[in-house]
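Before any comments, here is the structure.
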Amino acid sequence: MNIELIAAIILLVGLVGGKLASKARLPSVTGYIIVGLLMGPSFANVITKEMVYSLQFVNHLALGMLAIAIGAELHRKVFKKNGRILFLVSLGDNLGTFIMVALITFILGLPLAFSLVLGVLSMTVSPSGVLSIIKEYRGKGPFVRSIMTLVAIENLNCIIVFGITTAILQGVTSSDLQGGALILNMLIELGLALMIGILSGGFLAFLIWRKTNENKFMVMVIGFIFLNSGIGEIYGLSAILINMTTGALVTNLVEENNILSNALEKIELPIFVFFLTLAGAKLDLAILPKIGLVGVGYIVGRLGGKLAGSYISAKLTNIGKRYRRNLGIALTPQAGIVIGLSIEAEQRLPQFNGLITGIVLSGVVFFEIVGPILLKQALKNTGEID
Amino acid sequence: MDLLVKISIVLLMGILGGRIAKVLHLPSVTGYLLGGLLIGPSFANVVTDHDIHNFEIINEIALAAIAFSIGSEFHIKDLAKVGSKIFIVTLVQAFATIIAVFSVSYFMLNQSFELSILLGAIAAATAPAATTMVIKQYKANGPLTRTILPVVAIDDAVCVMAFGLAMAVVKMTAGSAADVSLLSMLAHPVIEIIGSLAVGFIIGVLLVFLGNKASNQEELIGMVLALIIAGGGLAHTFHLSPILLCMMIGATITNLMRNPRRAFDGLSSFTPPIYLFFFTLAGAGLHLNVLGKLGYLGVGYIVARAIGKIAGSAIGAKAVGYPDTIVKYLGLGLLPQAGVAIGLAMVAKQQLPEMGGMLSTVVLGGVFVYEIIGPVCAKIAIQKAGEMNTDTIDPEPNYI
């Protein structure tokens, strides 16, 4: 079968899966991933590894689009108003999640390096998952706004910690790098990523000021996403961080809401369907027995860590009681970013051998089904949807 | 260099080329092509022939989308009224082009009969993509515009037929006819055309069925995209014409779907980056050195093709009683030539290696020239015919 047919099948089957899922009152994302799984090596084996490779650029585009969207949530106004509180809450939430997941998976017998990376990965929150639920149920209010900002901050935290962790692990596994050099390396990497993101963002902002027409701007944004991701790949920088920086800079320079997400809105669905279905297809059920208990541990750890961490840290601030209890529940969806990061982790640390992605994906399947339901409940509890 | 960086370079270079084209009052398509030419093997070699091959899927999607959108012009009611006229015009201009190129090559330049007839058949091919883009960019509308698109589309079928016939004749005269009967040689193009239309129709019906179930615009875009890509893929698997096939998908939903505009508009919101990429990459695929190898035959081929297209269109249009603007300018709008011609040349080269080298040199040279000047001619044609939507030419066309 040729590549066009495969691409068409992925897209079509993904769409149908999404439709079926929404008929079953599940989020569409769950549908994409499950039908992808059915087409992958575990079942039909229509999608093989080589095909996935030659369609890789769509994944990069999808991840870049997600990262830009998250970055765009980081507007300075939000920080000025209640930056300290949100930062504290996100820290507590992240820390709780990290500790619980790392601890539980380590106790269940994973090597320390694996547990640490899993702990970091568990910190991500899916922006598309959260946003789509909020949109679907038309949530409005202070709680909803805090949630959206928290998603951005927590992902940012995660990416930074992810950079640090993988750098250290890379250093430990390859003995030719020493402590000081390692830290320096990492700082240079973060600095470079920020710089590239700022350059791209500055240029895009410039285009917006010049009132570039819609289509041209869309192509420009796509062009810069590819440029950012490509440069990231060449120099081993985090593509997600670069794109996030771009998004953040644009929102802060241009006082216009959603200008980036509007530009990409028209092309986003087919690309995300494709991306998520392909992600499902990468999941090989043969590793499930190996994952088994660890997968359950990851899920339990993440859920427990989020609830406890956000509750404790919220208690230290003056956030209302009703909100405190619901923060952790609201922030569980997990999808694109974590898959992207786990793939990045596998690339940097080849000894992981697919196990990390497997665990993360089983977590994604769970949290994509349960996360939105929990979020919906949280919104109900706080009275921000009818 | 990293593949992703190359993608971004192609996109950004295309935009830059489009920008320069606007300053020079050229169609954007020409700008993309020239921008691509600069980063291709002829100059910077940032995008190599190997890369171009890797991006094949984007080209397929772009061509499929263009053919699909041409399909929207085929309303059964209109076709019943004017279909036979358009068909006659298409046949006449194709035939005139074949005769013109054949005569120049065979009688004036003393080339072999086989080479001449094959060149003639390939010369008849037109590229729908560039013309469609020019029409979109200038939001052209009017009798000429409404004639150009169907003619370009039907021309693809005519060309498939003509090329199949030419190959059959060449194989006969070359003496290898013993093992191939004329009938089976002729059946081949007929099967290709009918097969393309049949598969396109089936996919179209499927799209109507699924499209009516789509709950929103985005979902519909996804379905259209998936099915036209599938159409392109099937065409390659079964050696059908992707252009005819995808056009038929478009034509089917135009006539059967409750609200077909939704599908076409939806797709056109997705396609700008793909088209830009497609044309810029096509520019990168042009090799400047083919121009040097053209020789008398190449120049004769190029001139004869233009004469054949323009005179043939005029004769055909006059014969069926079309208005003057069509008689005068239809041929100018039919000059672009691209992938289809290259594809046919490759087939000929494969099956007839002894004359294939010469043939593909001439055809590639022709494609180079017509790909660059074709869109400009198309722009002039619709401009002279007064079918440009004046308020969108300047200052900022809504297209890229």
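If you go along the chain as it appears here, the first residue is 1 and each next one adds 1.
Placement of Cβ uses the backbone N, Cα and C atoms for every residue, glycine included.
Features of the protein shown, as given by TrEMBL:
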DOMAIN    B:9-369  domain 'Cation/H+ exchanger transmembrane'
TRANSMEM  B:57-74  transmembrane segment
TRANSMEM  B:86-109  transmembrane segment
TRANSMEM  B:115-135  transmembrane segment
TRANSMEM  B:147-170  transmembrane segment
TRANSMEM  B:190-211  transmembrane segment
TRANSMEM  B:223-253  transmembrane segment
TRANSMEM  B:273-292  transmembrane segment
TRANSMEM  B:326-347  transmembrane segment
TRANSMEM  B:359-382  transmembrane segment
Contacting positions for the transmembrane segment (B:359-382) when only residues 6+ beyond its ends and CB under 8 Å are counted: 26-27, 29-30, 33-34, 115, 118-119, 122-123, 127, 130-131, 133-135, 138, 140, 142, 144-145, 148, 282-283, 286-288, 290-291, 293-294, 297-298, 301-302, 305, 329-330, 332-333, 335-338, 341-342, 344-346, 348-349, 352, 388
Seg_contact(the transmembrane segment (B:57-74), the transmembrane segment (B:115-135)) with at least 3 CB pairs under 8 angstroms, min sep 6: yes
Segment proximity, the transmembrane segment (B:115-135) to the transmembrane segment (B:326-347), 3 or more C-beta pairs under 8 Å: yes
Cβ-Cβ under 8 Å with the transmembrane segment (B:190-211): same-chain residues at least 6 beyond its ends: 157, 160-161, 164, 220, 223-224, 227, 230-231, 234-235, 238-241, 244-253, 256-257, 262-263
Beyond the flanks of the transmembrane segment (B:86-109) by 6 or more, those residues with Cβ under 8 Å of it: 115-117, 119-121, 123-124, 147, 150-151, 154-155, 158-159, 162, 296-297, 300-301, 303-305, 307-309, 311-313, 315-317, 319-320, 322, 330-331, 334
For the transmembrane segment (B:115-135), distant same-chain residues with Cβ under 8 A (at least six beyond the ends): 27-29, 62-63, 66-67, 69-70, 94, 97-102, 105-106, 145, 148-149, 152-153, 155-156, 158-159, 162-163, 165-167, 169-170, 243, 275, 278-279, 301, 304-305, 308-309, 333-341, 344-345, 348, 352, 355, 358-359, 362-363, 366, 370-371, 374-375, 378-379, 382, 399
